[in-house]
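Annotation source Swiss-Prot lists site 'Transition state stabilizer' at Arg17, Lys24. The site 'Positions MEP for the nucleophilic attack' feature in Swiss-Prot is assigned to Arg158, Lys212; the stated evidence is sequence analysis.
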Amino acid sequence: MKRKNIALIPAAGIGARFGADKPKQYVEIGSKTVLEHTLGIFERHEGVDLTVVVVSPEDTFADKVQTAFPQVRVWKNGGQTRAETVRNGVAKLLETGLAAETDNILVHDAARCCLPSEALTRLIEQAGNAAEGGILAIPVADTLKRADGGNISATVERTSLWQAQTPQLFRAGLLHRALAAENLDGITDEASAVEKLGIHPLLVQGDARNLKLTQPQDAYIVRLLLDAV
């Protein structure tokens, strides 16, 4: 039986570091919001069977997304943190029967709207049948410094360091189990939750273009990348 690939986009955050008057996933770049650009990537990819967006219960922008993408499921059951939002989304996918425990969930940051299609394909091909799952990531290229106040305390050896990206792909049952803990403090991505179970996900080569819109100046680079598509 074919294993489904389901994209899950947690979009309940407020994007405080971005400094806009609305959550950063709803900031417009060109004629579309960041979230609409992101959803388009998954809706155009033939390897993705279903896309779900999980937003805050108080979200007032999601109706536009639903209008633009009527086939996308938009659920207003987001939590206070990313981990809670993903947990709620996975639980509902399983409860509604839209996902079986053996189906793949690809969790992707709403603010990574420049994900190249070939990177998504690579993740599905290399991690889609791996029981331990896998994530897109790129080797750390810059020299890293450990800080002590405002001074350098040490240079960090970067040989084995990778920078995590998204999507992060895991079986629905595994992800549900990994996020079942009552206290999700310190869980900054899905891989870190899975690692706490003693499982070591695959590292799949990501792409430098798959950057996350975090600071206001990132919008300039994102705009250039989107214009180049």
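Every residue gets a Cβ built from N, Cα and C, even glycine.
Here the features listed in Swiss-Prot are placed on the structure.
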residue : record                                           : DSSP class
Lys24   : site 'Transition state stabilizer'               : helix
Arg158  : site 'Positions MEP for the nucleophilic attack' : coil
Lys212  : site 'Positions MEP for the nucleophilic attack' : coil
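The two recorded residues Lys212 (site 'Positions MEP for the nucleophilic attack') and Lys24 (site 'Transition state stabilizer') have their Cα atoms spaced 11 Å from each other. Least packed by the Cβ count within 10 Å, out of the recorded sites Arg158, Lys212, is Arg158. Around Lys24 (site 'Transition state stabilizer'), a 10 Å sphere centred on its CB holds 26 further CB atoms from the protein chains shown.
Arg158 (site 'Positions MEP for the nucleophilic attack') and Lys24 (site 'Transition state stabilizer') have their C-alpha atoms 31 Å apart, to the nearest angstrom.
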